[in-house]
Structure formats: structure tokens, C-alpha cells
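As recorded in TrEMBL, the features of this protein are as follows:
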TRANSMEM  12-29  transmembrane segment
TRANSMEM  41-63  transmembrane segment
DOMAIN    88-224  domain 'Palmitoyltransferase DHHC'
TRANSMEM  137-161  transmembrane segment
TRANSMEM  181-209  transmembrane segment
């Protein structure tokens, strides 16, 4: 099964998501047949149909978001007018310019149209082409899990609260059948309730952020760019930065959602607000890159680092305070040179210096020393120590 188009499914993320849906669905159907048999009342029939629709649409939109993908910028892409190249960043991997709102994903190995983030649950990026399917998957997952939590929880309550049978036997909506669990089904029901509550909390939070992103027409990557744009203007009391793609929540919503869940536009050219142009955001990105290079400091590795996410060998501070991001960790060897652009108390983020080197990521602060402009002198000192 792990070949061709099905290779994307063979990953812990999609397999876990499909497994959770399957477990909750099986347990929910089992509990519903005891609590609200669909053949005995309209309420039971409606409950079962509603849940199966939620479950089915969750799987459908999960697979659609996974296989349809976010939409990729063509390799070696260039703008229609060569003069516009001055406003765009160049991607060395794809050997082309990055279109507005496009970003390169290291895991996918391509520049993604309107990239939001790389999601492990679909083993793919969320972007221009699959944003609607991904958000719809989140909605039906939360809706189905809420229903499952209520039904399974009440079934469990009925099974243990025997006094209910003495006072509520005349109910017309709830089955009067005695609810009984085996040890296996009891454990499975408790486990499924935990899973469904976890889905409601975690996926519900993700759904909130995705809906906010859609209504603002601002991806997670762009949110970070705009924050830096506002921050770097504050010391000079300059006019605030205007995000060019926020057209109002109704127009923003229509750009992503329609009857067939297909996005509007080609993912390269975008409507913008008055006073902005297609390259307003890309020009801001390039200016931020210039400032980033200006504040870069050079460090040299003095200790080996394997690239582990929780390297306890470098101290409890490093172990207990890892960066809260899915960005890569960068292995180090002594004497390697790194240009650092981000600093935390126990971790640094940078890029290795050298020919044919394209490695960047986080590493423990203890593994490097700040050498600034004294790199050559520091290297010669290390060589002298080795020779002795």
C-alpha cells in the first residue's frame, strides 16, 4: 500500500487520525445501539445518521486535504515581467522565484502556494488548494466528537447508575433496555470518551485558529511577518504596516469556501486593498531579511550535538526548555561555523557557513561560542592546541 499516491498515507499522522476516527466511530455505534436503537425511535435514527455523516465527512475531507495537496508553485517559476523579479525572493531549491504568499516547505521540498503550515495529521502542507478541505475536516471532527462524548458518556452513566431504571423507565426517547458492558467494551468506551474529549479540545483550538486565519485572510506565516513589520516600525513612529490581503471577512471567507470547496484564483495573483500592490508583502519580507542579516552574529561550535530534541547531556536547562516549534534541530561538530539569527536562553537558531551547505535549525547555546569577527583567529588557536 505504501507506494504511488498511497505513500502519503503511510505516515504516523494520517494513520493515527484514521485510527482515532475508527475507534470513536465503532464505540459510538455500539453505545447508540444500546441507548438509542435507530430501529426503535426517530430520535435514535436521527442520532445515528447525524453521527455517521460527521464521521464520513471527517474521513472524506481528511483524505481530500491529504491527496489534493496545498498547490505547488511550478519549478523555476518566474514572474511575467522580468522587472518584478526585484520584488521577489529566490528559492535555491526550486530554482525559481517565490510568488507572493508562497513559501518553501523543507518537508515537502517545494514552494507552497499561500502556505499556512505543514500538518503531520495529513502528512502534507495546508495551503491555497486544500485549506477549505482541511478546515472542514476539523469542523466535522469536532462536531462528531462532541456528539460521541455526550452519547458515550450518558451510556456509561446509565450502565452504572441503577437508580435511573426505577425512576425513568417511562421515557419515550431513551431505550428502556438494560445497558450492560463487558470488561472489554467498558475499557474501550472509557478510552473512546478520553479520545473524543481530546479531539474536542485540541482540534477545536486548531479549528478556531484556522477560522480566524480565513476570516482575516492571513496565514500563520503571514501573521508572523506582520508582527515583525509592526514591531520594526515602532521605534521610529512610522505609519503602521497595512496587510494587503484583508478585504473584509465576507470576501475573505468566499476566497476559501464555496459550494465545491475549491479556492478562488490561481494562488499566484491576489486581490489587494487600496493603496497596496501585489508585492507589498514580499517587499516587506525582503526588508526584514536585510535587517536579519545585519544583526546576524557568527558562532563556532566547540561541542558536538547530535540533533536530538531533548539532549539531557547538555544540561537540564537545555532539556527542560526546548524551543516550542517544529523547526528542525541542527547537528553540530566542533569547529563548524554558524550564523545565528535567533536567540533564546538555552537555544540558538542559525545556519551553517560553508560551500554547498544548506543546513539551518536550533541547537544548544552551550555547544557554541560567539566569535564575531574573530573567527580566523579562533580557528588558528584551536589548531595550535591540537598541534601541541
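Backbone N, Cα and C atoms are what each Cβ position is placed from, and that goes for glycine too.
Look at the domain 'Palmitoyltransferase DHHC' (88-224): DSSP puts its residues at 74 helix, 16 strand, 47 coil. Confidence annotation: the domain 'Palmitoyltransferase DHHC' (88-224) carries a mean pLDDT of 90 in the model.
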